[in-house]
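Participant: Sharing the record's features from TrEMBL:
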- Arg53, Gly54, Ala55, Arg90, Gln202, Asn253, Lys254: substrate binding site (BINDING)
- Cys163: site 'Transition state stabilizer' (SITE)
- Asp243: active site, proton donor (ACT_SITE)
Amino acid sequence: MKVDGKHFRSIWREHDGWSIGAIDQRRLPHEFVVAKLTSCEDAAVAIRDMLVRGAPLIGATAAYGMALAMREDASDAGLKRAYDTLVVARPTAINLKWALDEMRMALAPIDPLERAEAAYARADEIVEQDVEINRGIAGNGLKLIEAIASKKRGEIVNVLTHCNAGWLATVDWGTATAPIYLAHERGIKVHVWVDETRPRNQGASLTAWELGHHGVPHTVIPDNTGGHLMQHGMVDLAIVGTDRVAANGDVCNKIGTYLKALAAHDNGVPFYVALPSPTIDFTVHDGIRDIPIEQRSGVEVTDMTGRTADGRLETVRIVPEGSPVANYAFDVTPARLVTGLITERGVLKPDRDELAAAFPERIAAAE
Ligand SMILES: CSC[C@H](O)[C@@H](O)C(=O)COP(=O)(O)O
């Protein structure tokens with residue numbers, strides 16, 4: 001995607017051929033800063049501290065983290081150490097484990113002398129595959145937007161999204177935003193309601209930044225606004241991303257997604273979830289019961305950072321000293337509230353049979 005006329009992905013191999021460049025997402029929308037990752041530890045810290053975030057991008061970063069590790073120590077012990085370091089960097093997005101398993105499968109059977117080169121090659125494939133998958137999601141989701149646009153006889157299609165499942169959360173295009181970008185490119189009039197997504201505000205900071213740079217009309221709304229908009233016919237469909245989809249079709253995504261799905265259900269608004277196949281976890285049969293929910297620092301709830309009128313970045317506390325806070329980063333939306341799963345292989349019903357028929361290789365990997 002373009003930033004000030006220049007094409008960027010969220011992560012890339014630098015010109016030296018081995019170090020990894022990534023956009024430091026903690027600094028957006030205030031500053032556009034590129035970080036350089038030169039070790040496995042750098043990659044683990046980037047994931048843990050949310051310099052990079054979003055399920056597919058976490059996976060891509062971990063893959064390059066393995067490659068960086070293999071430059072330092074490509075022994076069996078080095079491979080295990082890298083896997084163990086990276087896999088615990090964040091708990092909920094299954095793409096992290098998926099990417100590391102793919103890397104281990106490619107590297108374990110080969111001679112340690114060949115592992116570094118093979119690791120970069122496999123990581124590059126994972127990155128390219130993400131872009132291809134998102135193109136597939138774009139095409140399949142586009143049909144849904146086109147259908148609504150033609151029903152509305154060319155009037156604006158209003159899409160609500162939560163958090164950031166845009167190109168910053170993936171390598172390029174995004175998941176939830178991919179159909180939106182494609183619809184916009186094709187000249188369909190789309191407008192996006194962007195949930196701010198407290199407490200880290202990925203919607204206000206990242207999704208709005210992305211859409212703005214791409215010229216997609218959008219409006220940032222406080223998280224509690226969606227239900228009101230839906231009651232008044234101001235949302236045609238919701239499209240969100242996901243960090244893990246269980247075998248039964250339950251969808252784990254950024255905290256607050258469940259409430260939006262409830263409101264959508266109550267108002268007859270279609271609620272779609274866009275996902276790449278590595279986000280499906282066939283080892284989890286009941287999403288609500290079994291998907292681990294990350295709990296993050298209370299500082300994200302108590303403090304807010306923004307730019308002052310004279311251009312300084314300032315952090316202020318908004319909660320009284322001494323008040324306990326809770327910060328659950330994700331919630332699970334039951335499959336019954338999900339209209340459809342937009343995947344690279346079509347729009348599926350959120351149930352085991354449809355998922356299994358579309359992605360038999362993911363079932364095989366889980367067995
Ligand atoms: C496509 S990324 C997954 C989700 O769609 C996204 O909304 C999300 O929850 C990301 O969470 P984050 O905590 O910012 O990594």
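Glycine is treated like the rest: Cβ placed from N, Cα and C.
Fair warning: this is a prediction, and the values are worked out from it, not measured in the lab.
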Participant: What's the longest C-alpha separation between any two of Arg53, Gly54, Ala55, Arg90, Gln202, Asn253, Lys254, the listed substrate-binding residues, in angstrom?
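Facilitator: Greatest Cα-Cα span of the listed binding residues: 17 Å.
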Participant: Taking the Cα atoms as reference points, how far is Arg90 (substrate binding site) from the residue listed as 'active site, proton donor' in Å?
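Facilitator: Spelling it out, the Cα of Arg90 (substrate binding site) and the Cα of the residue listed as 'active site, proton donor' are 11 Å apart.
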Participant: Using DSSP, would you call Cys163 (site 'Transition state stabilizer') helix, strand or coil?
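Facilitator: The three-state answer is coil.
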Participant: When DSSP states are folded down to helix, strand and coil, where does Gln202 (substrate binding site) land?
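Facilitator: It is helical.
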Participant: Would you mind listing, in sequence order, the residues at least six apart from Gln202 (substrate binding site) in the same chain with a Cβ closer than 8 Å to its Cβ?
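Facilitator: Listed in sequence order, they are Arg53, Cys163, Asn164, Lys254.
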Participant: Could you tell me which three-state DSSP class Lys254 (substrate binding site) falls into?
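Facilitator: Note: Lys254 (substrate binding site) is in a strand by DSSP.
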Participant: Rounded to the nearest Å, what's the C-alpha distance separating the residue listed as 'active site, proton donor' and Asn253 (substrate binding site)? Just drop the number here, would you?
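Facilitator: With distance taken Cα to Cα, Asn253 (substrate binding site) is 5 Å from the residue listed as 'active site, proton donor'.
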Participant: With Cβ-Cβ distance below 8 Å and at least 6 positions apart along the chain, what are the contacts of Gly54 (substrate binding site)? List them in sequence order.
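Facilitator: The list for Gly54 (substrate binding site) reads Ser10, Ala93, Asn164, Ala165, Gly166, Leu168, Ala169, Thr170, Gly241, given in order along the sequence.
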Participant: I want the residues beyond Arg53, Gly54, Ala55, Arg90, Gln202, Asn253, Lys254 whose C-beta is within 8 angstroms of the mean position of the substrate site's C-beta atoms, in chain order.
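Facilitator: Counting only non-site residues, the set is Ile58, Thr92, Ala93, Cys163, Asn164, Ala165, Ala169, Gly241, Asp243, Ala329, Phe330.
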